[in-house]
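Chemist: Have a look at this one.
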Amino acid sequence: MANYFNTLNLREQLDQLGRCRFMDREEFTTEAEYLEGKKIVIVGCGAQGLNQGLNMRDSGLDVSYALRQAAIDEKRQSFKNADENGFVVGSYETLIPQADLVINLTPDKQHTNVVETVMPLMKEGAALGYSHGFNVVEEGMQLRADLTVVMVAPKCPGSEVREEYKRGFGVPTLIAVHPENDPKGEGWDIAKAWAAGTGGHRAGCLESSFVAEVKSDLMGEQTILCGMLQAGSIVSYEKMIADGIEPGYAGKLLQYGWETITEALKFGGVTHMMDRLSNPAKVKAFELSEELKDLMRPLYNKHMDDIISGHFSSTMMADWANDDVNLLGWREETGETAFENYPASDVEISEQEYFDNGILMVAMVRAGVELAFEAMTASGIIDESAYYESLHELPLIANTVARKRLYEMNVVISDTAEYGNYLFANVATPLLREKFMPSVATDVIGRGLGGTSNQVDNAKLIEVNEAIRNHPVEYIGEELRSYMSDMKRIAVGG
């Protein structure tokens, strides 16, 4: 199979990369009706599989789960997830032939094998759904011409898909139709109904493409979403311990600080996050973030280049074929880092203290968000896609670190994201350790500026504020957050 993106000419590549349109709520007036009375079979029952299925069932759709016979016989977790929630569970051979829509929600690594197994069982004219387009775009999966192929990609972990639905809302969602596979012209009807069934239409759906979703998703998760959190945690912990800060405090500041700091992003972008700092701390964080951007821009651009060219995917798939030897080795190395093993502490840290003593963390977040956004948009990905795959998802990933440190982050994210995270962090960590961290002290990570006067130069502060607020990620972020707020008010009646 050939990389699908690389078979396109330049004009087609740019067209597919640039697909992203925020859809009006009026486009979903029929909600999930198009799929009512049709049989939906989900393959795989992990976090996304189970929670999307629960939402669709609650939306009045007919949902069942097809699992490998061995998973059923051995009553594996996927079987328990579906069975204990009252779903019909059957083998591929039993359920796939009657399905109108087969949704593949297995891990990326399994997609080729799963699709090659289920495709011969699918009836003529059925539809095949994905929540991540890696198999189509990077592996170049050859799909039957009679199949309609669509994507619905919620921009958050599966557990949040369910929780937001239960609140009467949903999560922002990218939807797409594979241009090579829409023989009956019903792809968008199917995708919109599926998205509505999960509740995504209440938070806002973006009309995207398989290509735009894959390339932006890979870039975001490798760099700011996962790689930067991992590298930043490791080097910041090392700095604090070397300078005499108590290990329990240092670890807790990082583990819970990323979540607290990025929560500010969710409400008001980089501008609001920076506004949580005192004026001297804001100026310091800005200066540090500018240094970080200069230092790390080549690394961000390299990752974007390798994603666009397909080099990243081919490298990772070679590791798949080698029994994940690199992935498993990097996972073990991460588990042995000092940050992952810091002693538990009952020290209390107030919300504001995370900002005051985590100035460097704020700087890393600003630098990482802007670098990822800039690398994506410079490659033809439009602002909306770049925003969702950088700033928007960061608080969700930071929440996983808060739960069980880097281990939890790497367990929750996809196998593809985990591999890319290690590729980035394995270069970023020594780069920061050697070229950046020697010049910083615990006034920006661990202890704060203390009794420093709040006095700043007015002209300098104005310059800093304008630079922060005038970055393109802030403009598109304000627009998209206002859309989501408007939709939430409509959805919950308030």
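From the backbone N, Cα and C atoms, a Cβ is placed for every residue, glycine too.
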Chemist: If I go by Swiss-Prot, which of Arg68, Arg167 binds NADP(+) at the same site as Cys45, Gly46, Ala47, Gln48, Arg76, Ser78, Asp108, Lys109, Gln110, Gly158?
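Modeler: The candidate from Arg68, Arg167 that Swiss-Prot ties to NADP(+) along with Cys45, Gly46, Ala47, Gln48, Arg76, Ser78, Asp108, Lys109, Gln110, Gly158 is Arg68.
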Chemist: Given that Swiss-Prot annotates Glu389, Glu393 as Mg(2+) 2-binding, name the residue from Asp182, Asp189, Asp217, Asp243 that shares the site.
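Modeler: Given Glu389, Glu393 bind Mg(2+) 2 in Swiss-Prot, the matching entry from Asp182, Asp189, Asp217, Asp243 is Asp217.
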Chemist: How many whole Å apart are the CA atoms of Ala47 (NADP(+) binding site) and Ser414 (substrate binding site)?
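Modeler: Ala47 (NADP(+) binding site) and Ser414 (substrate binding site) have their Cα atoms 11 Å apart.
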Chemist: Neighbours of the Mg(2+) 2 site Asp217, Glu389, Glu393: Cβ within 8 Å of the Cβ centroid, same chain, sequence order.
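Modeler: What remains near the Cβ centre is Lys155, Ser216, Met219, Gly220, Glu221, Leu225, Tyr388, Ser390, His392.
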Chemist: Check the domain 'KARI C-terminal knotted 1' (209-344) for me and report the mean pLDDT.
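Modeler: Mean pLDDT, the domain 'KARI C-terminal knotted 1' (209-344): 96.
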Chemist: If I restrict to non-local contacts, at least six residues apart, and a C-beta distance under 8 angstroms, what lies near Glu389 (Mg(2+) 2 binding site) in its own chain?
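Modeler: Set apart from Glu389 (Mg(2+) 2 binding site) by at least 6 residues yet with Cβ under 8 Å, we have Lys155, Ser216, Asp217, Met219, Gly220, Glu221, Leu225, Ala372, Met376.
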Chemist: Looking at NADP(+) and its recorded binding residues Cys45, Gly46, Ala47, Gln48, Arg68, Arg76, Ser78, Asp108, Lys109, Gln110, Gly158, figure out the farthest C-alpha pair and report it in angstrom, whole number.
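Modeler: Taking every pair of listed residues, the largest Cα separation comes to 21 Å.
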Chemist: Let me make sure I understand the structure: which of the binding-site residues listed (Cys45, Ala47) has the fewest other Cβ atoms within 10 A of its Cβ?
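Modeler: Fewest other Cβ atoms within 10 Å, among the binding-site residues Cys45, Ala47, is found for Ala47.
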Chemist: So how many of the residues in the domain 'KARI C-terminal knotted 1' (209-344) end up helix, strand or coil by DSSP?
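Modeler: Helix (H, G, I), strand (E, B), coil: 117 helix, 0 strand, 19 coil.
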